[in-house]
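A.B. asks: Taken from Swiss-Prot, the feature NAD(+) binding site covers G11, A12, A13, G14, Q15, I16, G17, and the record attributes it to similarity to another entry.
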Amino acid sequence: TRTPVNVTVTGAAGQIGYAL
């Protein structure tokens, strides 16, 4: 449940990529 910059930039796609 973190919010890295990657998620903020790419949105949902970034969140999925961060989880993987």
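Glycine is treated like the rest: Cβ placed from N, Cα and C.
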A.B. asks: In the structure shown, which of the binding-site residues A12, A13 has the fewest Cβ neighbours within 10 Å?
C.D. replies: A12
A.B. asks: Under a three-state reduction of DSSP output, how is A12 (NAD(+) binding site) classified: helix, strand, or coil?
C.D. replies: helix
A.B. asks: Can you tell me how many other Cβ atoms are located within 10 Å of the Cβ belonging to G11 (NAD(+) binding site)?
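C.D. replies: Counting Cβ neighbours of G11 (NAD(+) binding site) within 10 Å gives 10.
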